[in-house]
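Right, one structure below, let's go through it.
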Amino acid sequence: MKTVVIIAASGVGKRMKLDGGRSKQMLEIGGQPVIWHTMKAFQEASTVESVYIATLPDSIPVFKEIAKANGFTKITAIIEGGKERQDSIGNCMKLIEQEIENSGVMPDAILVHDGARPFIQPEEIDDIARLSATHGACVPATKPKDTIKYVGCNPEIFGETLDRSRLLQVQTPQGFAPAKLIEAHRLAGEEQWYATDDAALVERYFPQQAIRIYETGYHNIKITTPEDVFIGEAILAGLKARKSKN
């Protein structure tokens, strides 16, 4: 099976309150940068053939050195990201389209992942890739622990309470049949329509495409706020302990 991966890693960590637009991908958890953990997971996933990363210009040489020093051979290209997350993914998509045209080989699936989600596991990546190839689309998610409410017309007053049993918190990597994801990004670019994730693009332009749910654990967090670094240390320790038992 051939899976191609795009990692969006251009976040500057505004909510992390980092100085000088520093990349949150370089924050250390367990003595290694966040992006190191992310690269390692995809390197170890058996279904993954190549990985394209979009990041900040200043991070490109640093990321390349991390990949080289650690033998992350599946990292195919590390390029400059765009203004928005969707633009960054689009930049990688252009390279993937060129590779498809040159090789004449269509991947079985394309996965899109947030670089700031360092705890996705290789076996989960493989599961999502296979389900994406089989069903055309697959997105990981977790059940919310908290009650979710709408905000009312008055932004200081709650509206209705949502039925938590029908809600899921969506994560990445999100996997898709390559042709549909490529076309969805092309159409969104023409329309200048931006979404917060790739599943929303596929939902908009291919409403007939069912998206398979892949329920993950609560370890696959996105490093977004300062508290997440401390939570990440605990998650990493738990993952290591679980692996040592096995």
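The chain as shown is numbered from 1 upward.
In case you wondered, yes, glycine gets a Cβ from its N, Cα and C as well.
Quick look at what Swiss-Prot annotates:
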- R15: site 'Transition state stabilizer' (SITE)
- K24: site 'Transition state stabilizer' (SITE)
- R164: site 'Positions MEP for the nucleophilic attack' (SITE)
- K222: site 'Positions MEP for the nucleophilic attack' (SITE)
Got a sec? Which of these recorded sites, K24, R164, K222, has the most Cβ atoms within 10 Å?
K24
Quick one: pull the CA-CA distance for K24 (site 'Transition state stabilizer') versus K222 (site 'Positions MEP for the nucleophilic attack'), whole Å only.
11
Which whole-number value in Å describes the distance between the Cα atoms of R164 (site 'Positions MEP for the nucleophilic attack') and K222 (site 'Positions MEP for the nucleophilic attack')?
21
